[in-house]
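Peer 1: The structure that follows is given in the form of structure tokens.
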Amino acid sequence: MIKVKSPGRVNLIGEHTDYTYGYVMPMAINLYTKIEAEKHGEVILYSEHFGEERKFSLNDLRKENSWIDYVKGIFWVLKESDYEVGGIKGRVSGNLPLGAGLSSSASFEVGILETLDKLYNLKLDSLSKVLLAKKAENEFVGVPCGILDQFAVVFGREGNVIFLDTHTLDYEYIPFPKDVSILVFYTGVRRELASSEYAERKHIAEESLKILGKGSSKEVREGELSKLPPLHRKFFGYIVRENARVLEVRDALKEGNVEEVGKILTTAHWDLAKNYEVSCKELDFFVERALKLGAYGARLTGAGFGGSAIALVDKEDAETIGEEILREYLKRFPWKARHFIVEPSDGVGI
């Protein structure tokens, strides 16, 4: 029996840039998917969250449109890549909320991959884990995500954010201020629109790159956007500005300038809301209230359309600010919201 802890992730800055090979700045966080498992002839897993057991044989990898597809996807991708593994029997638990924009799917997939790697001695290196988990989500589960989530879950390092160029996969660890916490606010709004709207934005972004003849959004300057049709210009303009903001946050963090980091995050949120059109009134409410209560900055994190937002706050004030916003939020909105105080943490491991 082995026990694996696979973290969720928060993206500090660089939202909706990874599918055009731009810059991102995620971190693994101290909320986890936990998997306890042993070798077995089949796959038998009990999910605490769903309160049910699912099982399948290794020669039946048909999709079931349930949480077990994330597991099947990992077995499928290993088979596709000529790795030989047997089954597992075990239990999935943890404190990482599902559907909250904190990459529970990537956390789960990478956790299953790590479990199989250790049980069957696959000797996978870190980048292979990232690429295999991404392929499983893209090609088996059918979610057209970029590389950000899996990279953060695998490469996370305690006390650091990751500055990642998703084009070259060059990365750099940047220390996060020790006296600052990240307040994560889950709005309770399920992201029903996210899959179709996300796919539309990804399609428009990819078309924009083709029109401009570029391999990455990093190569595009604001002056070139006039070559694009109006909606493409609006959406892709956001991506170009967001790439620049990631570089600005990198520099501000290195200088220890938390105030500047906060301002950039807030600017990013309103650009996401007004020009990329992926916010909602609940996310905007959190950002406005967090700033009024003393946050350095705040923005939605993840795909948007609900899910979660983050605020940078002094560690000593984090819980108070979180409780106050939650109290006001619950008076105004009918959703079951929650808040978490998180810190940059290590990636997947035993």
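The backbone N, Cα and C atoms fix where each Cβ goes, and this holds for glycine too.
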Peer 1: Return the residue out of Tyr186, Tyr198, Tyr296 that Swiss-Prot annotates for the same substrate site as Glu15, His16, Thr17, Asp18.
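Peer 2: Only hit among Tyr186, Tyr198, Tyr296 in Swiss-Prot's substrate site, alongside Glu15, His16, Thr17, Asp18: Tyr198.
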Peer 1: Distance check, please: Cα of Tyr198 (substrate binding site) against Cα of Leu102 (ATP binding site), rounded to an integer number of angstrom.
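Peer 2: About 16 Å separate the Cα atoms of these two residues.
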Peer 1: Residues with Cβ closer than 8 Å to the Cβ of Glu15 (substrate binding site), same chain and 6+ apart in sequence?
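Peer 2: Sequence-distant Cβ neighbours: Glu242, Ala268, Leu272, Arg299, Leu300, Thr301, Gly302, Gly304.
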Peer 1: Arg9 (site 'Transition state stabilizer'): which of the binding-site residues His16, Asp18, Ser47, Gly101, Ser103 have a C-alpha within 10 angstroms of it?
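Peer 2: Cα within 10 Å of Arg9 (site 'Transition state stabilizer'): Gly101, Ser103.
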Peer 1: So around the substrate site, Glu15, His16, Thr17, Asp18, Tyr198 aside, which residues have their CB within 8 A of the centroid of those CB atoms?
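Peer 2: These residues sit around the substrate site: Gly14, Tyr19, Gly22, Val24, Gly146, Leu148, Arg201, Ile239, Glu242, Ala303.
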Peer 1: Within 10 Å of the Cβ of Asp149 (active site, proton acceptor), how many other Cβ atoms can you find? Include all protein chains, please.
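Peer 2: Summing over all protein chains shown, Asp149 (active site, proton acceptor) has 29 other Cβ atoms within 10 Å.
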Peer 1: Could you check what DSSP calls Glu15 (substrate binding site) once collapsed to helix, strand or coil?
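Peer 2: Once the DSSP labels are grouped into three classes, Glu15 (substrate binding site) ends up as coil.
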Peer 1: Looking at the recorded positions listed here (Thr17, Asp18, Glu137, Asp149), whose Cα lies nearest to that of Ala100 (ATP binding site)?
Peer 2: Asp149
